[in-house]
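Chemist: In case it's useful when we look at the structure, here is the feature table from Swiss-Prot:
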| type | residues | note |
| --- | --- | --- |
| ACT_SITE | Tyr110 | active site |
| ACT_SITE | His116 | active site |
| ACT_SITE | Lys147 | active site |
Amino acid sequence: MKTVIEFYLSGDRVYSEREKAINQLHINRGYGELKGKRLFLSLIEAAYLLEKGWIKVLDGERELSFYDVVSLGKKKDEDFDVKYLVYKDLRDRGYIVKSALKFGSHYRVYRKGAEHSDWLVWVVRESQKLSPNDITARARVAHGVRKTMVLAVVDEDGDVVYYKVEWTKF
């Protein structure tokens, strides 16, 4: 992407009204959510695109750095850093990544060009204790909406390992 697109901070997300943002980022690459003539990005999406040099984020007159956006994200969500690492890893692999909060997970993951997502991804730290009930509930929801539940485990070095969780019938 040649031209850096301006976005403006608005609460816990950023937006742009530029047609180029809508065309290049939303329509062509699956970023953000379109509401009227505005493209809204989550702070995780904004951090990713800032790190790639595709956008800049303004808070009034002040331009925010990647670290500023991550810091804002961590104020809203203490796990922002690990969720960002998983988001970045999936995007770098060519997948489209959207929120899955309504499904009790962190991300819905689509193959490029797919209309429906294949996976629901739940992000955890390697040191985090997991309840069997949490895993079962998420796997049940994923199964109910015909998705595969994936556990994304981030270790202390920031490496991500993915585990597929599915029902087995005997």
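Cβ coordinates are placed from backbone N, Cα and C, and glycine is handled just like the others.
Are these features on the surface or tucked inside, and what touches them?
Modeler: A 10 Å cutoff on Cβ-Cβ distances gives Tyr110 (active site) a total of 18 other Cβ atoms nearby, all chains included.
Look at His116 (active site): DSSP puts it in coil.
If you draw a 10 Å sphere around the CB of Lys147 (active site), it holds 20 other CB atoms from the protein chains shown.
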Chemist: Can you grab the distance from His116 (active site) over to Lys147 (active site)? Cα atoms, rounded to a whole Å.
Modeler: 9
Chemist: From the Cα of Tyr110 (active site) across to the Cα of Lys147 (active site), what is the distance in angstrom?
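Modeler: Each residue's Cα considered, Lys147 (active site) and Tyr110 (active site) end up 11 Å apart.
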